[in-house]
Amino acid sequence: MWYQSASLLGVAAVAQAATVHYSLDLTWETGSPNGVSREMIFVNGQFPGPAIILNEGDEAIIDVTNHLPFNTSIHFHGIEQKNTPWADGVVGLSQWAIQPGQSYTYQWRADTYGTYWYHAHDKAEIMDGLYGPVHIRPRPNRDSPFSMISDDPADIRAMKQAERNGKLVMLSDWDHLTGQEYMKAMEETGYDIFCSDSVLINGRGSVFCHDPEELTQMVPPPELAILNSSLTDKGCLPFVPPIQGNWEHHPDKVPPGLNEGCHPSTTQETIFTVDAAHQWASFHFISAASLKVLVVSIDEHPMYVYEVDGRYIEPQLAHSVKLYNGERYSVMVKLDKEPANYKMRAANDGGNQIVSGFATVTYEGGETSQRPSQPYIDYGSRNTSADVIPLDTNHLPPYPAISPASEPDDFHILMLGRTNSSWEWSLDGAAFLPSNLAALPPAILSPQAPEFADALKITTRNDTWVDIVFQLVVSETTPIQPPHPLHKHSNKGFLLGTGHGKFNWTSIKEAKEASPESFLETPVYRDTFTTSPQGETWTAIRYHVENPGPFLLHCHMTTHLQSGMGLILMDGVDVWPEVYADMITPM
């Protein structure tokens, strides 16, 4: 079986803190998640990988055995790794690569609650299917925000139960090329390629082929303005100069079928079964997408968003939620509709391709109505009416309230842009290539190692607050930038604000005094911060250094990280953890 069924993703776990063991066996086999066969990665013989279910406070021991024909490692995305930085899963920073035939054990404590995921952190193996969900159930006495949705005690009890038994929903894009083939295509053509074949929901999807003119009508106005033709039959933007910049390109080397040449195929959709007797259902959405920004909705079912990146927020009502790469949102849904089949839709935001994936939410028991459900969004992610409410991602107040320090101890501006071609990206003018780290002694052994003297990095002291401003650079070589979902390993940080133009100030304080409208009244607390694609813009964050070790800060678009868009946070160098080589060496 090549997929993980929706029912299995809700597997039960022990109800009290314990030591919980999981084994993940990685194999390279032929699969067809969207009806087209290709080689891919399976975890324990399935795709996506099995769910890791824990209770808050549990000790997780996860044994990974690599039967793949290449090196790998596993990162537990969003897990803070407090006091276990050697378990972060980044080759060259926290461990040596797990070579073919080797095994490696990750051990960490589930200090937090919420929705996370695990995935490959070597090369472009996410694009080959190495990922699976993680859910940590909150301790029974943890304060939850459900009373802000309903003050009915029965409703609150039902919502707490729904959270514990939530439906884990992995949203991803899928390509007929392997990850390494995709990266090779960019290197040989010089193009920044972003076309996918399918959108998958829990490992199932189809290839849909529509009329290019019909798809072009769904293109958002900013992208429509730069089109000099229609979209391709796969719904992808053609390779146009405003997107690709003033670099050398080789269109004759684009692999057939990559950007155009659509051939339909189908598989059975994932089905999520809900029971109206439970009153409420919770869906834990996880974006495992490599290239796509996915907007998710459930027909005729408003959603109360109550958790973002593994942290409660004051619940927000929304009909659709946009997920950038690596983000997680948990929602509560009232089960008060007639028994029927309701579409779950995951549509690309439309910036680089018009494409969607689908699943079905069905009510258990009773006669099922055959009428089609009414959507909130269309195939191109556009709202179907003026009444549709998208989630406002700038208004996500943490629950309970939490705020950053009023002043930082350190301040950095990073200049985001291209380096040597359309497809090579950087966080600050130089390429940070993960592939170059594989042969080096991992940085966790010593922050002063000469191998990392010239690496792109930020060095901090423990118990300090750090401000980082991400400045998008616009030039002839980069006339337009896509949104960059910048994921911070280790602990979360605060999104302070965003603005247009250049960040011409020497501090956040100075910027707030000059442009108060650019800053959020309540900073958003999360582990992924997405830049605005609207020309020359900046995004400001603040985080607390409280977990010494080497951690990545990087764009979570797989192709962007692999081409150089990352840097090292050498956090807490004054109290660096003592680590021995055998702790981080696979066997």
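Backbone N, Cα and C define each Cβ position, glycine as well.
Copied over from Swiss-Prot, here are the features:
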BINDING   HIS77, HIS119  Cu cation 2 binding site
BINDING   HIS121  Cu cation 3 binding site
CARBOHYD  ASN71  N-linked glycosylation site
CARBOHYD  ASN228  N-linked glycosylation site
CARBOHYD  ASN383  N-linked glycosylation site
CARBOHYD  ASN420  N-linked glycosylation site
CARBOHYD  ASN462  N-linked glycosylation site
CARBOHYD  ASN504  N-linked glycosylation site
SIGNAL    1-17  signal peptide
Residues that sit under 8 angstroms from ASN228 (N-linked glycosylation site) by C-beta distance, when 6+ apart in the chain: PRO238, VAL240
Most crowded position, judged by CB atoms within 10 A, among HIS77, HIS119, HIS121 as binding-site residues: HIS121
Top Cα neighbour of ASN462 (N-linked glycosylation site) in the set of recorded positions ASN71, HIS119, HIS121, ASN420, ASN504: HIS121
Lowest local Cβ density (other Cβ within 10 Å) among glycosylation sites: ASN383, ASN420, ASN504: ASN504
Residue among binding-site residues HIS77, HIS119, HIS121 with Cα closest to the Cα of ASN71 (N-linked glycosylation site): HIS121
Residue among glycosylation sites ASN71, ASN462 with least C-beta crowding, 10 angstrom cut-off: ASN462
Rounded Cα-Cα span from ASN504 (N-linked glycosylation site) to HIS119 (Cu cation 2 binding site), Å: 38
